[in-house]
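Below: the structure, in structure tokens.
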Amino acid sequence: MVVFTGSTVEEAIQKGLKELDIPRMKAHIKVISREKKGFLGLFGKKPAQVDIEAISETTVVKANQQVVKGVPKKINDLNEPVKTVSEETVDLGHVVDAIKKIEEEGQGISDEVKAEILKHERHASTILEETGHIEILNELQIEEAMREEAGADDLETEQDQAESQELEDLGLKVETNFDIEQVATEVMAYVQTIIDDMDVEATLSNDYNRRSINLQIDTNEPGRIIGYHGKVLKALQLLAQNYLYNRYSRTFYVTINVNDYVEHRAEVLQTYAQKLATRVLEEGRSHKTDPMSNSERKIIHRIISRMDGVTSYSEGDEPNRYVVVDTE
């Protein structure tokens, strides 16, 4: 263990990186203790202490593929969940209902998209989201909630009963009665525990609307929670979503924002998409983005769809999926 000190945690880290002659992304950093100002800035004053250890290139690559260093193991071990056949069947059932409703409203779904869904080439809900039809799926889920509140026991179909039984067979805890305020409080406490384990001081708040829960994190160390290219934040959101999924049979949607990161990131992506489209038109060839989360890819697709002469599509597998922008 190599311990470095400084008047602040950041100063101690910089001293250690300089002495070890390694970049931050190749260092495993552990905060031993934070600085103490002492009484009147004189008595009991203590410097910050950090333990810095160089890590191998293999470890760096693995961490970069999942999430950045310094995060609890349960985040680093997290990847996009692989669904079982039963889970895919439940997911597909919701999407088929959504497609029927889309076509009833006079909106078309291309045969190519339908083929991708039926062949399981990509997650069905992801396809709908990227083609701009995820709202229909959300509306169907809200309608289910309204039926429950209006006395769903008499309206529940055999298909609904089979779905509930299938979820129970998967080992998922089925909650039929829930309080959205309580659910929001539970998931907020869960995320708070993870952030505490990261030794980051932060304040959490939440707001909600029916089945959508928004968590707001305010902190003086946003970079540690957001991570490189937002990877830590993405992992936190996946953990929170998985936490809700494992506790409730019906879907809740949770989004997490750190300070104003989500808004700022959206603005950056909009500008980036416009510049990328201009470059494609000027050079007459396709260009691809860095790996992005599903929500970020959706922003790129939306901006490109509003521009003439260019089109976009997603390629690759999670978590390294990216957007390709090409000429029409």
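Using the three backbone atoms N, Cα and C, a Cβ is placed for every residue, glycine included.
Just one residue in THR89, THR131, THR176 has phosphothreonine written against it in Swiss-Prot, and it is THR89.
The stretch that Swiss-Prot tags with region 'Jag_N domain', taken from the ranges 3-53, 258-308, is 3-53.
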